[in-house]
Amino acid sequence: MASSTATMLKASPVKSDWVKGQSLLLRQPSSVSAIRSHVAPSALTVRAASAYADELVKTAKTIASPGHGIMAMDESNATCGKRLASIGLENTEANRQAYRTLLVSAPGLGQYISGAILFEETLYQSTTDGKKMVDVLVEQNIVPGIKVDKGLVPLVGSYDESWCQGLDGLASRTAAYYQQGARFAKWRTVVSIPNGPSALAVKEAAWGLARYAAISQDSGLVPIVEPEIMLDGEHGIDRTYDVAEKVWAEVFFYLAQNNVMFEGILLKPSMVTPGAEATDRATPEQVASYTLKLLRNRIPPAVPGIMFLSGGQSELEATLNLNAMNQAPNPWHVSFSYARALQNTCLKTWGGKEENVKAAQDILLARAKANSLAQLGKYTGEGESEEAKEGMFVKGYTY
């Protein structure tokens, strides 16, 4: 418990320095002390760490285990419908159930996948054989997780940007999800570079993530912190890096204010890449260099795992970039939390036909194994199909 409480910081009355136009690194400790000196000690007392503190640390470490990553299968029913439509299937509960059954029941999936993010329908759903999806995952030593945000809505007063809703009622929902078997949670918000990002949008994203993280930990769920920096735009990799630095500085400022235990969280950042419409592309080595520099400058080593999103990269590109980041030791477990970059070829292979289930599962396992090797820094790229090289960027993508 001592190590868990080491990162439990007292809430500070100082507002975000970056929002005020100043560098987070220039904050003067003396000013904080001066403000605190006028406040009664009892007013500064924060609530004790979550009763689940030890379990949170254990869950986070289990997910962030060598050679393992997360399979994101938490698409909303509407987004799942788009995936099904791409192979000529209607968006019905039966079809969604059939596809999700294919994913969770792939034999040996737990060799490479340590966690699976589910949509709420899936958390309470059974497979086509009548077994609970959660139980099937647990049998494969895969930790069930749950998407808890309620999606993006326009952020009034911003540069046509968005904010993520879902804090209302979150405490009761996360408690219920824990009882249903979930042990970690995900909240996705986005930052758009072509539209700014405005200080308002970054602050709103960071504050929402911090409140969600604190509430999730209080319910026993390890929060995945995901401020996705969208690939949309023609900007270069340096612009992405600058924005990412500001976003993560803001996120950790508010995580600390909300007394979030860093040893009991996981991060799901975007890799630092040029905009999808930029003329200059980056090599895996360049992506790794910029991304690792960002992590070293902004992410405390107390965080156990960094599970990258693919963000519309091709299956092959996402794996190559991850492999490049694991060519030298890192203070965190650097891995993956992929959806399309794990499932795209699998979905096409299945095509909604029962006779194709095994072939589709074999494709899924091959893709999961490739990323497992990349997490270990041992991926070679041999034997990849042309489909794995196809980009999946969608402008203005919604999840």
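One is the number of the first residue shown, and numbering goes on along the chain from there.
Any Cβ shown, glycine's included, is placed from N, Cα and C.
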In Swiss-Prot, the N6,N6,N6-trimethyllysine annotation, restricted to Lys61, Lys150, Lys186, Lys395, falls on Lys395
Among Arg96, Lys186, Ser310, Gly311, Gly312, the record's substrate-binding residues, the widest C-alpha separation in angstrom comes to 22
Cβ contacts within 10 Å for Glu226 (active site, proton acceptor), all chains included, total 25
Return the single residue from the binding-site residues list (Arg96, Lys186) that has the minimum number of other CB atoms within 10 Å.
Arg96
Cα of Glu226 (active site, proton acceptor) to Cα of Gly312 (substrate binding site), in Å and rounded, measures 15
Intrachain C-beta neighbours of Lys268 (active site, schiff-base intermediate with dihydroxyacetone-P), sequence separation six or more, cut-off 8 angstroms
Lys186, Arg188, Ile224, Val225, Glu226, Glu228, Met307, Phe308, Leu309, Ser337
Out of Ser310, Gly311, give me whichever of these binding-site residues has the highest number of other Cβ atoms within 10 Å.
Ser310
